Amino acid sequence: MNYFISAIGTDSGKTIASAILVEALQADYWKPIQAGRPTDSDTIRQLVSEHLVIHPERHLLETPASPHAAAAVEEKKIQVSDFNLPHTSNSLVIEGAGGLMVPINNDELIVDMIPRFNAELILVSNIYLGSINHTLLSLEVIKSRGYPLKGIIFNGISTPSTESIILKYAQVPCLLHIKPEGQIDPVVIKKYANEFNYNWNELARKG
């Protein structure tokens, strides 16, 4: 199975969530578009078990900006038709760039890429003032496209009133809550991977 990890914005915790899923599911990892260095693939490589496969980016841009802007600076062209799944028989965790509505060119968005990947969406929602609105807007985009949403991962200090209203609207489960950590290292990733697997198995058991 393939899982596409998106978030309600930039720096929401997609890469950490992706590392946790890669470790939990013993899956491959792929970042189709990378803008700027160090790359998220480099970060994942430092956080997960050494035997896990990290596929090369389809577009690796040096400019730390929105993909459409970075590509323009570097005189490159990105389009949805560029993207085909890497060859693997394993589960694949695919990390998006920024949020769903980030442009990859003047006509296409990150959200337009998702049907090419035969993937279920997992949305990362980091908690801050205004995150309810941003999360519900992302959910509205997902629903309007008819994309399958597996669940939500919350990132930040637990705020039950925020989480409950988001989950009520989303009608999908919380797969994990990532709490503030002093540092993120392989030990922390494995801890959350174990928690994710427990939650995953409980959800499967309950049907």
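Using N, Cα and C of the backbone, Cβ positions are placed for all residues, glycine too.
Lifted from TrEMBL, the feature list:
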| type | residues | note |
| --- | --- | --- |
| BINDING | D11, S12, G13, K14, T15, I16, D40, E95, G96, A97, G98 | ATP binding site |
| BINDING | T15, D40, E95 | Mg(2+) binding site |
| ACT_SITE | K31 | active site |
Spatial neighbours of D11 (ATP binding site) that are distant in sequence (at least 6 apart) but have CB under 8 A: N126
In the three-state DSSP scheme, E95 (Mg(2+) binding site) belongs to strand
Not counting D11, S12, G13, K14, T15, I16, D40, E95, G96, A97, G98, residues with a CB within 8 A of the CB centroid of the ATP site are I5, A7, T10, A17, S18, V124
Under DSSP, is D40 (ATP binding site) part of a helix or a strand, or is it coil? helix
Rounded to the nearest Å, what's the C-alpha distance separating T15 (ATP binding site) and E95 (Mg(2+) binding site)? Just drop the number here, would you? 7
If one measures from the C-alpha of G13 (ATP binding site) to the C-alpha of E95 (Mg(2+) binding site), what distance in angstrom results, rounded to a whole number? 11
